[in-house]
Amino acid sequence: MAAGVAAWLPFARAAAIGWMPVANCPMPLAPTEKNKRQDELIILNVSGRRFQTWRTTLERYPDTLLGSTEKEFFFNEDTKEYFFDRDPEVFRCILNFYRTGKLHYPRYECISAYDEELAFYGILPEIIGDCCYEEYKDRKRENAERLMDDNDSENNQEGSMPSLNLRQTMWRAFENPHTSTLALVFYYVTGFFIAVSVITNVVETVPCGTVPGNKELPCGERYAVAFFCLDTACVMIFTVEYLMRLFAAPSRYRFMRSVMSIIDVVAIMPYYIGLVMTNNEDVSGAFVTLRVFRVFRIFKFSRHSQGLRILGYTLKSCASELGFLLFSLTMAIIIFATVMFYAEKGSSASKFTSIPASFWYTIVTMTTLGYGDMVPKTIAGKIFGSICSLSGVLVIALPVPVIVSNFSRIYHQNQRADKRRAQKKARLARIRVAKTGSSSAYLHSKRNGLLNAALELTGSSDDEQHISKSTSLIESQHHHLLHCLEKTTNHEFIDEQLFEQNCMDNSMQNYPSTRSPSLSSNNGGSTSCCSRRNKTTTHLPNSNVPATRLRSMQELSTIHIQCSEQPSLTTSRSSLNMKSDDGLRPNCKTSHLTTAIISIPTPPALTPEGESRPPPSSPHPTMNISTTCSNVVKVSAL
Amino acid sequence: MRSRGRKESLAESRDLDGSYDQLTDSVEDEFELSTVCHRPEGLEQLQEQTKFSRKELQVLYRGFKNECPTGLVNEENFKQIYSQFFPQGDSGTYAAFLFNAFDTDHDGSISFEDFVAGLSVILRGTIDDRLSWAFNLYDLNKDGCITKEEMLDIMKSIYDMMGKYTYPAMQEEAPREHVENFFQKMDRNKDGVVTIEEFIESCQKDENIMRSMQLFDNVI
C-alpha cells in the first residue's frame, strides 16, 4: 500500500458502510488506538539542516530507521530533535520517499554514497520508482564492473602471492607475460615463430626462379626441404606451447573449449595429418585443403594483440546486427537477381544465364564494386541495375554504424580499464606512503611518550617544552590501545627496516647458547623472528628498544642494552605506569648504554608475571655491567 | 461556488485554446486538468458544515491533497486509490458506486467539500443519517427505492472485491442468494422494491446492523 494512500484509510473504512446493512453476521470488533496522540511535528536535524515532518508521515514505513523506534537512539534531549550526522542532500530524497511513497535517485549523486545512505536508513533500493530505476541500475552495474575490474587486477598483481605451485605460476605467466622475464621471453618467442610460420606459408607460393625445363616453380617446391624444416620447427614450438598451456590450465576442460585453444589445434593439426597421410592420389586433394588451415596460425596473434581481441569480441556482440545485415542483403540480392534475369532475358548473348548467375552481378553492384564482367544491355536491365546499386549503398550503410559504435564503446571501455588501473597504482602508492607515516607516528610518539615520562620523573621542568603535546586525544587513545596489545602479547611493535635489519643481523650471529634464563626468551624471540613465523619483535619488557639492542646482546654474552640514536629510550609503558612509583627508565641520550645490575627498568606490571618470563635484560648477579648513562638511572625493585 | 465556476471554465478553455488533441485526448485531458486547481472553502465554513473538528479537517485535507494535488478526484483516480486497499479482488465497480454516492452534485469529480461532507455523515452522523446514506448508496438511479437489480449489482460488486481466492470457493449464485436474503428481510410489503422507510425500519430492528453502525464512531 503506498504511503500517501495510508491517509485515505479512514475513508476506506467509512466506505464500508455499504456492506453493513447487507451483512448477515456481526462485524468483528474494531481495533482501538491505544494512545491516540495528536499528530505532532518532529524535527530531523541532518548535519545542521533541519527537516520537519509529521510523526505519522514517518510511521508509514515501520520497518525503516525513521519509522521505527530505532530513531530514538538519535534523539537529542537538549534540543528535542533527532540528530543525524549524515548527508543532508541524500536525506532530502529519503524524506520525500516517506512523503510521497516514491524513492527517487538523483543523477548527480554517487551511487555508492547513495547506497550507503539507503542502507543506513534501512530502505531497500528496489523500491526506487520507475522513473529513476533504470538510471540507478545502470550506474550500479557500472560500479560493479569497476569493482570487479579492480579485484581482478588486484588478484593479478605480483607480490605477496604465497604458495603458488608450478601449475599456477605457469598459468599466470601465460596469461600475463609481464609477470616475469621468462614469461616475457616466451611471449616474444612464440610471437616470432607465429610470424615466421605465416611468412613461410606466404613465401612458399611465390614463384622463384626457373628450373631447367622452363617451368616456373614456387619456392615451396624448390626448397622443399628447407620449408619443411621450418614448418616442423614452428609446429614443434606450437605443440609444446599448447601442451604446456594445457598442463597449466586451471580447468582443462574449459581451456580445451576456449576459442584460442581451438585455433591452436587447428593451426597444428594439418601438419600432423600430413605426416600421417601418405602421398596418396585420392587424398592429396584433401591434403591440399588442409594446408589452407595453416593460415589460421595468424589468429594466434590475437593472444598478443588486445586490439584483435576487441575486434573479435565486438563481432561477437554485434552478432544480431550482422545477422540482420546478412539477411537484408540476401533478400535484396534475390529480389534484384530475379528482376535482372527477367529483364535481360530478352537480349542476346546475355551473361545473365540464370538467376544464380545473376547473384554475382547483384552482389558486385550492391557493394558498389562493379567489376564490369557482367553488365546489363537492355534498357530495363539498366534501369533496374541502377536501382540495385543505389539500394545497395543504403542497405549496407544502415547496420554498419551500429557495429562501429559497439566497437568504439568496447574499445573505450578497455582504455578506461587500463587508465583506471594505472591511476589506482599511483593512488595506492600515495596511500602507502601516508600509512607508513602514521605507523611510524605511533612508534615516534611512543618514544616521545617515554621521554615525557622520564622528564617528568626527573623533574626537570626546563625540558618541559620537549613534551610533545602535538598528539591529539584520539591519537593518544589509539596509542594506548596499541600499548595494551603489546603488553598483552608481550611483544612490541617495531618498524619494517629495523625488523629486517634485526633478522639479517641475527642470522649472521652465532647465538650464544641459552645459558642464562635471561637470554632464553631473547633467543627464542630472535630465532623465531628469523624463521619468519612470527613477525612480532622480541619482547624486551623493559624498553622500547630498537632491534639494535638485540644485536648487541648477542654479541656480548652479557646483557647490554644499547640505545639507539633516538633521544628517548624509556618504555612507553612507563607512561602507563606513571601512577606506580618505581618505573625505572634509563633515560639515555648517549648511544651506548649498558644497564646497571639493579637499574634495569622493569615495569611493576611485569613483576607478577616476572616469574615465568624473566626479563631478558634482568641483571644477572654474576655479570658485570656498568652503566655509562649520563643521566640518573633509578633503581627499580625487581 | 468557486469550484463549480472553475469546472465550467475548464470545459470552455479546452475548446478555446485548441490544445485538445483528438488523437491523444486522454493525455491532453489529464494535462488540462492538472493545470486547474481547486481550492476548498475556508476551514471555518467546513467546520460549520461538517461535524469534524478543526484538527480533524486539517488531517483529512492533508491526506486528500497528498493523493490528489489538484484538489479534485475524478472517477479513475478514485478507483485507483480505492483499489490499493483491496489488492486481491476487483474493487472497481464498488468504487464507482461510492463515487456516485460521494459526488452529490454529479459533476464528475469529487472535491474536498464533497469528500468531507460524505465522511461527516458516515463518521459523525446519527444512526439514521448513516442508514440513509447507505440507502443512497444502494439506490443507483436515485429514484427513492432499491430494486432487486440494483441490489444485485451492488452485491456483485461487493463479492468482486473478494477476488478469486476465497474459502470457501466463490459460487456463481452467491450474490443472488444474498440478495434474496436481503429482500426477504427488508421488503415488508413484498412489492419487490425496498423504500427508505422499509429500509430504516428493518435495519433498526436488526441488532447486528445497529451494532455495526456504531463501528464508525471511532474511525477518525
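Each residue's number is its place along the chain shown, starting with 1.
Placed from the backbone N, Cα and C atoms, the Cβ positions cover glycine too.
Taken from TrEMBL, the feature compositional bias 'Basic and acidic residues' covers B:1-17.
For B:90-125 (among others), the entry in TrEMBL reads domain 'EF-hand'. On the 0 to 100 pLDDT scale, the model's mean across the domain 'EF-hand' (B:90-125) is 90.
According to TrEMBL, the feature domain 'EF-hand' maps to B:126-161 (among others). Tertiary proximity for the domain 'EF-hand' (B:126-161) is limited to same-chain residues at least six positions away from its ends with a CB under 8 Å from its CB atoms, namely 86, 89-94, 96-98, 100-101, 118, 170, 174-176, 178-179, 182-183, 192-196, 199-200, 203-204, 210, 213-214, 216.
Positions annotated as domain 'EF-hand' by TrEMBL: B:174-209 (among others). Distant neighbours of the domain 'EF-hand' (B:174-209): 127-128, 131-132, 135, 144-148, 151-152, 155-156, 158-159; these residues of the same chain sit at least 6 beyond its ends, with a Cβ under 8 Å from one of its Cβ atoms.
Among the features that TrEMBL reports, region 'Disordered' is placed at B:1-20.
The DSSP breakdown of the domain 'EF-hand' (B:90-125) into helical (H, G, I), extended (E, B) and coil residues amounts to 24 helix, 3 strand, 9 coil. Secondary structure of the domain 'EF-hand' (B:126-161) per DSSP, as helix, strand and coil residue counts: 25 helix, 3 strand, 8 coil.
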